[in-house]
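Colleague: Mind looking over this structure? Questions follow.
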Amino acid sequence: MPRGDSEQVRYCARFSYLWLKFSLIIYSTVFWLIGGLVLSVGIYAEAERQKYKTLESAFLAPAIILILLGVVMFIVSFIGVLASLRDNLCLLQSFMYILGICLVMELIGGIVALIFRNQTIDFLNDNIRRGIENYYDDLDFKNIMDFVQKKFKCCGGEDYRDWSKNQYHDCSAPGPLACGVPYTCCIRNTTDVVNTMCGYKTIDKERLNAQNIIHVRGCTNAVLIWFMDNYTIMAGLLLGILLPQFLGVLLTLLYITRVEDIILEHSVTDGLLGPGAKSRTDTAGTGCCLCYPD
């Protein structure tokens, strides 16, 4: 750019074009590969789930969540890879806006969940009860629920009585499981032999009487309390989700403005070459079709 216009050069001009380009290529490629990996794992998990599932519902299926997440990451990251390789302003702007929208939506979702904390907890508890109804028919939910109940020493969603929603654990049901809870709710030492009937006839007990046999606290509150007690892990998790997206938006913005500066430099140079050269207005709309710099 001519010296007389140097004061108009944006701050991003201090960044090397090649440094920004290769940084964005590496950033996009890494998440493109991660998205492909997540998508592959999700497809494989869903194929395995289809072999053994007895329900048509995809409720709380981790495979479905992985597939959706993988598709979004794969497509968005591919746009970033293509845009950074081609220096295509339209694709670069689309990539930046998509990342920005995702980031804003996640922040808004988190804020709304905090503001309406009670409603969020009720929503989670209702969905857990729906899963409990099909506990023995949905292997994915069963594995997740068993892991959470053992890991966080809890039982059910709101509390242990949620297990009455299951047809086998309802107190009016026939069979040995009636009015009981799964053994993963039981209080036991790691050295004890697993007693799968340890939760026998506990749903109809009062909390004070049941708390010496099973974990009476619900898993929703148990998980929330664990996150609050381990706030460093929570902060690290949030940073791990939000920071890469923010860096992607910032890096893309810097690269877009750097490419625009180069386009402007070329336009000014072409204008000095003679009347037959393309002016800035002639090249202003070509950012979606052409690659810069030549």
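Heads up, the Cβ atoms here are built off N, Cα and C, so glycines get one too.
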Colleague: What residue among C171, C198 is stated in Swiss-Prot to be the disulfide partner of C186?
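Modeller: Partner cysteine, according to Swiss-Prot: C198.
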Colleague: Compare the membrane side that Swiss-Prot records for Y17 with the one it records for N88, and say whether they match.
Modeller: yes
Colleague: What is the disulfide partner of C219 among C154, C288, C289, as given in Swiss-Prot?
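Modeller: In Swiss-Prot, C219 forms its recorded disulfide with C154.
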Colleague: Taking Swiss-Prot as the reference, C179 is linked by a disulphide to which residue in C155, C171?
Modeller: C171
Colleague: Quick test of reading the record: Swiss-Prot lists a disulfide for C155. Which of C102, C185 is on the other end?
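Modeller: Recorded partner, per Swiss-Prot: C185.
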Colleague: Provide the number of Cβ atoms within 10 Å of the Cβ of C198 (disulfide bond), excluding the reference atom itself.
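Modeller: By my count, 19.
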Colleague: Find, for the listed disulfide-bonded residues C155, C186, the residue with the lowest Cβ contact count at a 10 Å cut-off, counting only other Cβ atoms.
Modeller: C186
Colleague: Taking only the recorded positions C154, C186, N189, C219, N230, which one has a CA atom nearest to the CA atom of C171 (disulfide bond)?
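Modeller: With Cα distances computed to C171 (disulfide bond), the winner among C154, C186, N189, C219, N230 is C186.
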Colleague: How would DSSP class N118 (N-linked glycosylation site) in three states?
Modeller: helix
